[in-house]
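Chemist: Per Swiss-Prot, the features are:
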- Asp71: active site, proton donor/acceptor (ACT_SITE)
- His19, Lys23, Thr45, Gly46, Thr47, Thr48, Ser65, Gly66, His98: substrate binding site (BINDING)
- 6-154: domain 'MGS-like' (DOMAIN)
Amino acid sequence: MEYKQSPLPANKAIALVAHDNKKQDLLAWCRKHLDALRHHQLMATGTTGALIERETGLAIHKLISGPLGGDQQVGALITEGKVDMLVFFWDPFEPMPHDPDVKALLRIAAVWNIPVACNQVSADFMVASPCFSTPVERLIPDYAAYMARRAQGN
């Protein structure tokens, strides 16, 4: 796979996702970092987004609920370059019927080289980083080169 440089902007598009047993934890994290989050474009899966928006007043673009395809919707947005960071508080103790979607979402985040926080401390580290509100260079798959190579049969 060939890679190319692709900047993450100073004002990032942040996807917020939480399993049912972690929604209150994510809400508490959003409250703690309210001022920092206001400067970014926020999106969330349906129920999580509605809760955060109602309880914090943050503007949240609400996607479909996770079990109905919201995790895959976030993944699609990552591949389109429309998500710069993922904060995903998942419950390691509770199996979910859409666990394959969760695994796919984490894989896509790794493929497209976006930062992922899976708990309060890792999310705190992201907000505390100077990279949270400054442009950052990263390498992503060069899809055009990939398609050109595939079209040639390689």
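Even glycines carry a Cβ here, placed using N, Cα and C.
Can you tell me where each of these features sits in this structure?
Modeler: Over all protein chains present, the Cβ of Asp71 (active site, proton donor/acceptor) has 29 other Cβ atoms lying within 10 Å.
With a 10 A radius on its CB, His19 (substrate binding site) counts 22 other CB atoms from all the protein chains.
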Chemist: Would you mind checking how many other C-beta atoms are within 10 angstroms of the C-beta on Ser65 (substrate binding site)?
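Modeler: Ser65 (substrate binding site) is surrounded by 17 other Cβ atoms within 10 Å.
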Chemist: Between the Cα atoms of Thr47 (substrate binding site) and Asp71 (active site, proton donor/acceptor), find the distance and write it as a whole number of Å.
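Modeler: Thr47 (substrate binding site) and Asp71 (active site, proton donor/acceptor) have their Cα atoms 12 Å apart.
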Chemist: Suppose you look only at the domain 'MGS-like' (6-154); what would the mean pLDDT be?
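Modeler: That region's mean pLDDT is 94.
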Chemist: Going by DSSP, give the three-state secondary structure for Thr45 (substrate binding site).
Modeler: coil
